[in-house]
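Before any comments, here is the structure.
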Amino acid sequence: MQTTTQVKTPVVGKHVYGELYGVDEELLRDQEKLRKIVIEAAHIAKMHLVEVNSWKFKGGDKEGVSVIALVLESHIAIHTWPTYNYATVDVYTCGEHSDPMAAFRYIVSQLAPKRFTVNYSDRSYR
């Protein structure tokens, strides 16, 4: 009797996320510009774009824009708070071929914060 052994390949999850401070208030309100930035970030990071959705929220100090790109590998998200000149960025990918840090760096270069934090989490199964 012949036995077949199935080899499991690891799930490669890479999560890059951070906070951006001191970003231009008008840029953080510009829904179309933010959408274009997210789409270009997906291309730069070698991700396969499935769909992009965005929402503009109004209401005092809680106004802002959220842009979420569903990519074949997972997602890219930007959430903004213009009143605070603040944004959060989240880039998560599965697979070895995409580069979430490249997407994050591109987004930071386009939003030009006065300062930012970046975090990396290896979310791989071993």
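Placement of Cβ uses the backbone N, Cα and C atoms for every residue, glycine included.
Pulled from Swiss-Prot, these are the features on record:
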- Ser74: active site, schiff-base intermediate with substrate (ACT_SITE)
- Ser74: pyruvic acid (Ser) (MOD_RES)
- His79: active site, proton acceptor (ACT_SITE)
- Cys94: active site, proton donor (ACT_SITE)
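Shown on the structure are the features that Swiss-Prot records.
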residue : record                                               : CB count, 10 Å
Ser74   : active site, schiff-base intermediate with substrate : 20
His79   : active site, proton acceptor                         : 18
Cys94   : active site, proton donor                            : 16
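Ser74 (active site, schiff-base intermediate with substrate) sits 6 Å from Cys94 (active site, proton donor), taking the C-alpha atoms as the reference points. A straight line from the CA of Cys94 (active site, proton donor) to the CA of His79 (active site, proton acceptor) spans 21 Å. According to its DSSP assignment, the residue listed as 'active site, schiff-base intermediate with substrate' is in a strand.
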